[in-house]
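Enquirer: One structure, as structure tokens, below. Some questions next.
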Amino acid sequence: MGLKSFGVLGNPIKHSKSPLIHNACFLTFQKELGFLGHYHPILLPLESHIKNEFLNLGLSGANVTLPFKERAFQVCDKIKGIALECGAVNTLVLENDELVGYNTDALGFYLSLKQKNYQSALILGSGGSAKALACELKKRGLKVSVLNRSTKGLDFFQNLGCACFTTTPKGAFDLIINATSASLNNELPLDKEVLKGYFKESRLAYDLAYGFLTPFLSLAKELKLPFQDGKGMLIYQASLSFEKFSSSQISYSKAFEIMRSVF
């Protein structure tokens, strides 16, 4: 039985649970796949060329995380699915010697929501994950607003039909989503009092970070607001990615059950 190498590309990367859940699937489904896959955490220098790194490492597939999702979009030979709309790639697969980019963050996020009847969302941040979420939520009919500290990247969201802000907008939002890297630095993405104001009129606080009670989620808990971390999104997007890695031999629902059992 042959070996194939996969990984997750990011900086930082040591916090990632992707190797744990993907390796569980590769071990479980090796007979169906006809190969044993091994999935590594790969720390890349910030200036890395994603395609060159992928090819030089001899990878068959990879996930892409902070801060490389938009850069990965730019270097693929082909882009498929919703990644075409959201300008960000979190899944790379070598298909017929071409580097093909997908985005499973978008659907992964939506599937992870325990309720689906939200009308509006405020996304904090403007990076690759924020783009994917905005595309998916707009597609589902939500009114989406984006708040970022600078105007960098906001053109994309304006073209998508989102309301964009660099200072805190007035109003209430059903969903408050932290798509910034603030939680990885143990910080709040917004001034505490401003965030409190939003939380008091919100229905759910969602942080894309996972594995610990972030300052963002801790504040929501303090205010008795329902909250959710990024664990569910991680497992859904990973299972959707695994379906791509397996050339659709293993459905995402089968992969999801294995991943959920180990994390």
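The backbone N, Cα and C atoms fix where each Cβ goes, and this holds for glycine too.
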Enquirer: In Swiss-Prot, the NADP(+) site includes G125, S126, G127, G128, S129, G230. Which of L99, L160, L204, L208 does it also list there?
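Expert: For the NADP(+) site that includes G125, S126, G127, G128, S129, G230, Swiss-Prot also lists L208.
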Enquirer: So Swiss-Prot lists S16, K17, S18, N90, D105, Y210 for shikimate; which of T65, T180 goes with them?
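Expert: Answer, per Swiss-Prot (shikimate site with S16, K17, S18, N90, D105, Y210), from T65, T180: T65.
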Enquirer: Find the shortest Cα-Cα separation between S16 (shikimate binding site) and the recorded positions K69, S126, G127, G230, and name the residue that gives it.
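Expert: For S16 (shikimate binding site), the closest Cα among K69, S126, G127, G230 is found at G230.
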Enquirer: Radius 10 Å, atoms counted are CB only; among the binding-site residues G125, G127, G128, G230, which position scores highest?
Expert: G128
Enquirer: If I take the alpha carbons of G125 (NADP(+) binding site) and K69 (active site, proton acceptor), what is the distance between them in whole Å?
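Expert: Rounded to the nearest whole number, the Cα-Cα distance is 14 Å.
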Enquirer: Around G128 (NADP(+) binding site), which of the listed binding-site residues (K17, S18, Y210) come within 10 Å, judging by Cα atoms?
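Expert: So the list reads none.
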